[in-house]
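Here's the structure, in structure tokens; my notes come after.
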Amino acid sequence: MTDVASPTVRVSTRPAESRRDIGIKRRYAAERRFRAYGISAIVIGLFFLAVLVWSVVSKGYTAFQQTTITLPIEFSEKVIDPKNERATDPKQLQTANYPVLARDALVKRLGIDPKKRPLVKQANDMVSDSVRTQLRDIVVADPSVIGKTIPVTLLADANIDSAFKGQIDLTVEESKRKVKDQQVAWMNELAEAGVLKKSFNTGIFSFGASSRPEAAGVGVALVGSAYMMLIVLVLSLPIGVAASIYLEEFAPKNRLTDLIEVNINNLAAVPSIVYGLLGLAVFVNFAGMPRSAALVGGLVLTLMTLPTIIIATRAALKAVPPSIRSAALGLGASKMQTIFHHVLPLAMPGILTGTIIGLAHALGETAPLLLIGMVAFVVDYPGSPLEPSTALPVQIYMWANEAERAFVERTSGAIIILLIFLVIMNLGAILLRRRFERRW
Amino acid sequence: MSTSLLLLIIALIGIGAYFAGRARSLTRSGNKLATLHSLPGYHGSYVAIWAVLPALLVLAGWLIASPIYIDSAVRSTLPDAVQSQGDATVQLALGQVKAVATGLNRLDATEIETIKDGSANLRETLAARGVALAGEGQPFMVEAAERFNAMRLYSRWLMSAVVLLVAIAGGLYAIRNVTARFRARNQVERVMLGSLVVASSIAILTTIGIIGSMLSEAGRFFSMVSPAEFFFGTVWDPRFAAAGSEGASGQFGLLPLLGGTLYIAFVAMAFAVPIGLFAAIYMAEYASPRLRSIAKPLLEVLAGIPTIVYGFFALVTVGPFLRDISAQLNGLITGNYQNFIQAQSVLTAGIVMGIMLIPFVSSLSDDIITQVPRALRDGSLGLGATRSETVKKVILPAALPGIVGALLLTASRAVGETMIVVLAAGVAARMQINPFEPMTTVTVKIVHQLTGDLEFTSPQTLVAFALGITLFVITLALNIYALYIVRKYREQYE
């Protein structure tokens, strides 16, 4: 309604004695106030959007950097396999005391007297506990490294990581913080030597759940989410399109189709947690599908997304003008051929846009997944949709409940990843609409 | 033969049937396409449908029916000593038999012999193969498990044979029908229409599934706890009983949860409605197309952000901010730097949920306001009213029913919202009116009662379904009423 010419009532500058006072000043002031309310409402809304994004990004961007320590590790046979029984006992390489290797290397690098226990412990605390699996994997992959000295890049402990990123207030009394003065001194020494440095954090994209922030990542959750999105896409797109075609093109106008129509509109507004209860009762309890599986999550999200897709598809079908249908029918096509050969292809951009938006919605959905048991501590990549897995938003929820401050950074980082995916999907939808939208 | 292999074979038969049908239609027409009623592709599809569809239906039916039949057959062979001990024991024994059956499949013949003559312990042998048995195995179980395995194997082979037979028979029947005048297209289109109907009935099935599953589980809950105690109870204290121990039942009063839900939703609406409504009015009546094309999508970004992100925002930003600012305020006024707003509180959850709801209010109201006919506006402006007077005295009264509908839809979203309140509202179920204190909601408790390892027999877990159906009924009533109003409103101005 913006094209309505604004009422240009000119208030005469010369006082006209004959004119009645109709409170024009007061009314114009009210008009200005009203306008200001409107503008401030929009500004407040946008302000909150900005605060939200800023709060996440400012807390999370550091999660994409990780402090690492590169040390020459001596894979000493004395530590890994003191009795030389690795040929006979395969467990030996699995259970060896690998952290000692890293500790010794660090102690040697820093020049600490190995007999001073407290100092050695402080030095050891600078390296992540994940060195155990990291070094084990190196040795198991290639046992010939035993006896050699190789430079290995280790993850720094989360506290050192935070300190190095400047997130820990070092003016606080030493006993009240997790990083000791001695560790800070070592940290600076190593940093100057170029041994300890920040680099791009690939781990956050590849690791699974972990109780140690520095070794926790969203890799496993991404795979779970990918499985679910695939299931949602494969199921909800054909079913949604088929249902919309029937309702829009074939269904007779009667009580039943009216009921289906009202029903679909209502399903679109049912709280998502109710779908979780449905999934738990029907898929897990009744049909006996495995809990925590991406399959169940995908099915629940499919049911949740279907109404959105059906509503979007019906709108897209409705937008195709009747002349197209008449032309096809007039040339002798059957009704089915008219729809599948002519109407559907023309409606496809609209359908895909709706589908992408529905998928983006499903990707960010958390509540129903909590109920079907996807709040699992999953360390390994799920090999199939039947194995226990977790999803990106659920991983965010689990990290949000962790107390350690380093997890706040990780959580924000994971949220940034989630938001980037959503932005990409929505941009895709917008581009699709811009590129293929037709006005008839 | 495994099910996936069977599916693959059926698919291959289907592809073969397609080409056979196509080729036959061509030969029957003497390669003159004009004499065919339907295109060759339709003949092919017709034959393929006959080959695949009945076979798949038989397969699905078999997969559903055979476990039920085998279960009941094995159950009836269990010793009378077990059978007489009631349903739960029989169920438990059956579960163990199945576990033994899986285990037996992993053992070789000599090991099975040692178990049978009692020289090896069943449980330990199976545990070594990665099959954990709940409790000591009994001799009759091995026997029953063998019978179970035999029946399963037999059922599998029989199923494969029957399904393949049906597929081939269907294909052959269909290919005999193919002639030049045969109306293959009409037949294929009838099947397509059928599948469209099936797809659209899924929406109905979902609703039936929601209502049915929740009613049955909630019914089990109400057989343990009386509905009056649930709906009118004022204390929520569902003590979790240790597994198996009876007696510790706890109190399941809905009112504190419902109170928290409505209170938080109210705060959220009180926050979102003025902002959203004013934004919508400005966008619809004042903004230039340029501003509108920028501000509207930006505001709608708020609706696209997942609720877990809002929850985290409330947890780490808004909650601590309100807590600290309340401590500062308190300090300035009374000199006592003690916070009076908790980090997790009705206010925190309400504000953050309100931010989430702004775009819902503004988009829905924007649509409603722009639907008010132009003539009403022009008339009012022509009579000399200012724009704000037009909005207040003409447009809003005309749009009021629609806006009320939009607000009800938004309220239903606020009531059903989960992740924000899980992270920001707190877990303490109490009835109070201080917005600075934590309260909890229906959705929070559904999540709490159902996360972790649970058994589905205790009222502590089943109560979640009673809460769920309460939530469903509330939101459904709001939605239906709102959609009805909005529909009425549209009709009025169309």
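Glycine residues also receive a Cβ, built from the backbone N, Cα and C atoms like all the rest.
Taken from TrEMBL, the feature domain 'ABC transmembrane type-1' covers B:258-482.
Residues or ranges marked as transmembrane segment in TrEMBL: B:6-25 (among others).
Feature annotation from TrEMBL assigns transmembrane segment to B:46-70 (among others).
As annotated by TrEMBL, transmembrane segment applies to B:157-175 (among others).
Under the heading transmembrane segment, TrEMBL lists B:196-215 (among others).
TrEMBL lists B:262-286 (among others) with the feature transmembrane segment. If one looks beyond the transmembrane segment (B:262-286) by at least 6 residues along the same chain, the residues whose Cβ comes under 8 Å of a Cβ in the stretch are 292, 295-296, 299, 346-347, 349-351, 353-363, 365-366, 369-370, 387, 390-391, 395, 403, 407, 410-411, 414-415, 421, 425, 433, 435, 439, 441.
The transmembrane segment annotation in TrEMBL covers B:298-321 (among others).
Packing against the transmembrane segment (B:341-361) from elsewhere in the chain are residues 260, 263-273, 275-277, 279-280, 299-303, 305, 307, 310-311, 313-314, 318-320, 322-323, 325-326, 406-407, 409-410, 413-414, 417, 420-421, 424-426, 434-439: each is 6 or more residues past its ends and has a CB under 8 Å from a CB in it. According to TrEMBL, the transmembrane segment annotation covers B:341-361 (among others).
Residues or ranges marked as transmembrane segment in TrEMBL: B:394-415 (among others).
Residues 210-211, 213-215, 217-218, 220-222, 224-225, 230, 238, 252, 254, 257-258, 368, 401-402, 404-406, 408-409, 411-412, 415-416, 442-443, 445-446, 449-450, 456 of the same chain, all 6+ positions outside the transmembrane segment (B:462-486), place their C-beta atoms under 8 angstroms from a C-beta of that stretch. Annotation comment: TrEMBL describes B:462-486 (among others) as transmembrane segment.
Long-range contacts of the transmembrane segment (B:157-175) within its own chain (CB-CB distance under 8 A, at least 6 residues past either end) are made by residues 1, 6, 9-10, 13-14, 16-17, 20-21, 24, 46-55, 58-59, 62-63, 66. For the transmembrane segment (B:6-25), same-chain residues at least 6 beyond its ends with a Cβ under 8 Å from one of its own Cβ atoms are 36, 38, 40-41, 43-48, 50-52, 55-56, 59, 159-160, 163-164, 167-168, 171, 174-175, 178, 180, 182, 184. Sequence-distant contacts of the transmembrane segment (B:298-321) (same chain, six or more residues past either end, CB-CB distance under 8 Å): 279, 343-345, 348-349, 351-353, 355-356, 358-360, 362-363, 417-420, 422-424.
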